[in-house]
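Read the structure below first, then the notes.
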Amino acid sequence: MLKLFSAFRKDRIWDFDGGIHPPEMKTQSSQTPLRQISLPEQFIIPLKQHLGPEGEICVSVGDKVLRGQPLTRGKGRTLPVHAPTSGTVNAIRQHTTAHPSGLSELSIIIVPDGEDRWCERLTYRDYRAQSVDTLLAHLHQAGIAGLGGAGFPTAAKLQGGMRGIETLIINGAECEPYITADDRLMQECADEIIQGVEILSFLLQPKRILIGIEDNKPEAISALRLALGKRSDMQLRVIPTKYPSGGAKQLTKILTGKEVPFGKHSAAIGVLMQNVGTAYAIKRAVIDGEPLTERVVTLTGEALRQPGNVWARLGTPVRHLLKQGGFHVTKQPMVVMGGPLMGFTLPLLDVPIVKISNCLLAPSHSEMEPVAEEQSCIRCSKCADACPAGLLPQQLYWFSRGQEHEKARDHHLFDCIECGACAYVCPSNIPLVQYYRQEKAEIRAIDEDAQRAALAKVRFDAKQARLEREKAARELRHKQAAAGVSTSDKDAVQAALERVRRKQTAEAEIGSPITVIPDAQPDNSAAIAARAAHKALVREERVREKQSQQETPATEVTPEELDPRKAAVAAALARVKARKAAQQSELNTTESVSSAIPDTAAEPIAVVEAQEQEDPRKAAVAAAIARVKARKAAQQLVTNVEAAVPVVTETTAEPIAVVEVQEPEDPRKAAVAAAIARVKARKAAQASSYQEE
């Protein structure tokens with residue numbers, strides 16, 4: 001009984017809720033065999049042609065490349081891209097790519113040389129002798145991605161399905177009304193597709209393999225049945241035509257009866273799905289050693305004179321492909337990449353073909369309905385009835401328009417497959433899929449900002465923790481250093497401080513430096529007085545020479561007369577008499593001398609006058625000489641000259657006797673003595689002036 005029940009369920013087909021039946025236009029392109037096209041003038045290869053980050057560029061401008069040579073490198077979800085032909089790297093710059101936003105992406109521009117030479121290829125004809133990791137790495141380096149639409153890296157997808165996969169589904173449904181790329185590939189390359197499925201079976205070791213195909217492809221069904229022969233490990237399942245039966249979750253439900261939970265992938269229920277085009281690319285990569293450099297693209301639409309399916313090199317500009325189909329750009333402005341339900345209008349015709357590009361639709365004016373104005377939602381619920389994912393399109397529409405991101409997320413916005421069934425049946429002509437795409441992009445941007453903020457916070461917290469650790473380590477080192485200081489170290493520190501204090505004291509004793517005042521006029525009064533005194537001395541010497549012939553020589557000065565006090569008194573008396581004589585004298589020389597020399601007290605340099613003081617001129621000369629010598633001695637003491645200047649006065653005249661006094665040993669004591677002498681001299685001069693008066 002159980003065996004009979006298993007046989008009854010063996011070929012059973014389930015159905016999914018929702019879906020639509022749009023008019024089919026597949027016959028425009030499905031009846032024409034696959035054909036090769038000429039090489040374009042340049043190839044535009046975007047770095048990102050898959051679901052994941054772009055790879056690292058490994059070529060430079062001006063490099064010569066061969067077909068199949070990697071242009072980028074990457075790991076994990078970062079797939080490399082390869083040169084579609086041999087030629088020269090002409091530029092690496094931003095270029096508009098095949099995306100609904102029309103944004104630019106970094107691309108490599110290659111100018112072909114026309115030789116189309118391959119690089120060295122690595123083949124694994126006996127792939128069963130290789131390890132699974134080796135084959136997965138080879139598929140990754142070949143740049144194999146899902147060709148059914150999403151472009152997920154195949155090696156990463158297979159790596160995630162190594163455990164728990166019971167059913168491998170090969171998707172050949174191709175439910176879009178105009179697209180026939182997989183249909184034509186199954187008709188002409190069924191054997192190679194089956195070889196690719198065998199490689200997948202070797203990698204995954206599933207319990208069963210199901211090949212799903214819609215019943216509107218009779219030629220492809222016949223070709224696959226012929227290629228399968230009498231195989232028992234693979235089963236071909238022909239399903240009813242219904243849009244979108246080619247969706248991953250929908251085909252899983254049709255073939256297995258299992259529903260994929262919200263927010264999950266089919267691997268969560270033990271199912272893994274691959275497209276027939278991906279299976280073909282896997283065979284070419286493993287057995288033939290060819291990286292993914294071309295794919296089948298459908299050229300269809302009534303605006304094309306030669307519709308069909310072509311082998312298009314990745315990076316071929318759309319304009320070049322349309323010319324191969326007989327398309328006139330000046331007559332038809334609109335071109336759709338993809339099908340009429342899930343495709344998008346191209347902003348430019350210079351965008352390149354990428355790994356997920358399966359169709360170029362150039363409709364005529366009769367094929368396109370006039371653009372209808374968007375109306376308000378009437379809550380008819382037709383969109384909910386047509387949704388194959390079991391969502392509430394009306395609620396998602398309101399949440400998207402109201403920027404209610406969390407509510408849209410809670411209502412499973414990201415489970416929407418963007419099939420366009422809701423917009424197709426909407427009587428208000430609301431472009432629901434556009435709202436959903438925009439809302440998804442905004443939520444992804446918010447999530448990325450939140451991730452960056454969280455990462456920045458983690459980095460900030462790590463930095464603060466590191467700074468705290470470094471601070472604690474420094475404090476610990478300082479404490480350990482302070483605790484480990486020995487007595488000898490302290491003595492050395494004290495000795496260094498004592499040397500610094502002694503040096504500062506010595507600098508203070510030397511005195512402050514002489515201050516130089518800019519633009520100041522020098523005081524030459526002392527020099528003028530000295531010259532005048534010298535002239536007076538010369539004249540007096542001449543007079544004394546004449547008098548010395550008549551008078552007796554002067555006696556030597558006794559030691560008692562060398563007393564500084566007596567000398568100071570004598571000098572003061574001489575100055576008083578000199579003033580009086582100067583007032584009465586009419587000689588200009590004596591007046592200039594007495595006015596130029598300031599009244600300063602004499603230093604303790606003893607100049608003893610031993611002659612008679614009746615002559616006023618001699619007294620004035622003697623007083624001038626005493627003042628000059630006193631000024632010189634004072635200047636020498638102020639400038640701290642080490643060697644004192646000895647004062648020697650030669651007198652040949654008998655009335656004046658000059659005695660040289662020894663210089664004091666200590667300059668400070670000499671200065672003090674000089675000051676005392678000046679004070680006493682002033683007092684004595686005042687007393688003598690009072691007596692004379």
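Cβ atoms here come from the backbone N, Cα and C positions, even for glycine.
Taken as a whole, the domain '4Fe-4S ferredoxin-type 1' (368-397) shows an average pLDDT of 92 in this prediction. Under the heading domain '4Fe-4S ferredoxin-type 1', Swiss-Prot lists 368-397, citing sequence analysis as support.
For CYS380 ([4Fe-4S] cluster 1 binding site), the number of other Cβ atoms no farther than 10 Å from its own Cβ, over all displayed protein chains, is 13. Classification of CYS380 ([4Fe-4S] cluster 1 binding site) by DSSP places it in coil, neither helical nor stranded. Annotated [4Fe-4S] cluster 1 binding site per Swiss-Prot: CYS377, CYS380, CYS383, CYS426, in sequence order.
Annotated [4Fe-4S] cluster 2 binding site per Swiss-Prot: CYS387, CYS416, CYS419, CYS422, in sequence order. For CYS419 ([4Fe-4S] cluster 2 binding site), the same-chain residues 6+ apart in sequence whose C-beta sits under 8 angstroms from its C-beta are TYR243, PRO244, GLY247, LEU341, MET342, PRO388.
As annotated by Swiss-Prot, domain '4Fe-4S ferredoxin-type 2' applies to 407-436, with the evidence given as sequence analysis. Beyond its flanks by at least six residues, the domain '4Fe-4S ferredoxin-type 2' (407-436) meets 18-20, 22, 243-244, 247, 249, 262-263, 341-342, 372-378, 380, 382-389, 391-393, 395-397, 399-401, 443 of its own chain at Cβ-Cβ distances under 8 Å.
According to Swiss-Prot, the compositional bias 'Basic and acidic residues' annotation covers 539-548. Shown for the compositional bias 'Basic and acidic residues' (539-548): DSSP residue counts in helix, strand and coil, namely 10 helix, 0 strand, 0 coil.
Sequence annotations record features per position, and here Swiss-Prot assigns region 'Disordered' to 539-564.
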(request) Across all the protein chains here, work out how many other Cβ atoms are within 10 Å of the Cβ of CYS426 ([4Fe-4S] cluster 1 binding site). (result) 22
(request) Ten-angstrom check, please: count other Cβ atoms within 10 Å of the Cβ of CYS377 ([4Fe-4S] cluster 1 binding site), all chains counted. (result) 17
(message) Give me the count of other Cβ atoms within 10 A of the Cβ belonging to CYS387 ([4Fe-4S] cluster 2 binding site).
(response) 24
(request) Could you name the residues, excluding CYS377, CYS380, CYS383, CYS426, of the same chain that surround the [4Fe-4S] cluster 1 site, i.e. Cβ within 8 Å of the Cβ centre of those residues, in sequence order? (result) ILE378, ARG379, SER381, LYS382, PRO393, GLN394, CYS422, VAL425, PRO427, SER428, ILE430, LEU432
(message) If I take the alpha carbons of CYS387 ([4Fe-4S] cluster 2 binding site) and CYS426 ([4Fe-4S] cluster 1 binding site), what is the distance between them in whole Å?
(response) 11
(request) For CYS416 ([4Fe-4S] cluster 2 binding site), just count the other CB atoms lying within 10 A of its CB, please. (result) 22
